[in-house]
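A.B. asks: Take this structure, written in structure tokens, and hold onto it; I'll ask about it next.
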Amino acid sequence: MMNPLIIKLGGVLLDSEEALERLFSTLVNYRESHQRPLVIVHGGGCVVDELMKGLNLPVKKKNGLRVTPADQIDIITGALAGTANKTLLAWAKKHQIAAVGLFLGDGDSVKVTQLDEELGHVGLAQPGSPKLINSLLENGYLPVVSSIGVTDEGQLMNVNADQAATALAATLGADLILLSDVSGILDGKGQRIAEMTAAKAEQLIEQGIITDGMIVKVNAALDAARTLGRPVDIASWRHAEQLPALFNGMPMGTRILA
């Protein structure tokens, strides 16, 4: 089996039918013309935000990570492992793709521990066992994995989806693409940066050009590149025509180098 490719979906993609249609049409064509097994990892911050708003619950973030109190973890689990995950499975079904919905704890694929007590039910993701997902890939399934995990003590944890995708890529020896709303990392003039090293990232963070959630994304990508010993791409899902080339290793967004 070729080494798998993990496609991490994020941003408002889950809210856009047009974007999902484009993405899944591309996935169908790619799976027909390439032998490479694919895995989708997703968060769903916008789904969670809408739900929290509807329930009048405050959304708190610390250093770009969502604070998850004990009384909110069930709601967030429902949004990510439930609504967001099953929405993606429904799109797969619509496109005749045999998909399986999972969370990080299934088959112990990604190990999760509590990251920081102040963040509440927020998990740190580490590589786990590749057995379950490899067996699904060998049988032609598309695993769709939500970024909810569980600790050895049985506590549900909300994991940053970029970090969850990194841990799963390390588990499977997979390549990783982080798809988001932006076409990559932009410089101070709004131009896409083709390649990014840790030193360059630090410089742009210091200058205030990379901020908030993008800091988490860049750090996750740098961490992934270091952990995996290979470049990681941050790119946009908006240009569906570029996705097949991206999936085949052509740099289309910002390539993060270890």
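Residue positions begin at 1 at the first shown residue.
Cβ atoms are placed via backbone N, Cα and C, with glycine included.
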A.B. asks: Which of ARG22, ARG66, ARG192 does Swiss-Prot put in the same substrate site as GLY44, GLY45, ASN158?
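C.D. replies: As annotated by Swiss-Prot, GLY44, GLY45, ASN158 share the substrate site with ARG66, chosen from ARG22, ARG66, ARG192.
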A.B. asks: Relative to the Cβ position of ILE185 (ATP binding site), how many further Cβ atoms are located within 10 Å?
C.D. replies: 24
A.B. asks: I'd like to confirm something. Which of the binding-site residues, GLY44, ARG66, ASN158, has a Cα closest to the Cα of SER183 (ATP binding site)?
C.D. replies: GLY44
A.B. asks: Taking 8 Å from the centroid of the Cβ atoms of GLY44, GLY45, ARG66, ASN158 as the cut-off, which other residues in that chain fall inside it around the substrate site?
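C.D. replies: Going along the sequence, the neighbours come out as GLY43, VAL48, ILE76, ALA79, LEU80, SER147, ASN160, ALA161.
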A.B. asks: If you count CB neighbours within 10 Å, which one among the recorded positions LYS8, ARG66, LYS217 has the smallest count?
C.D. replies: ARG66
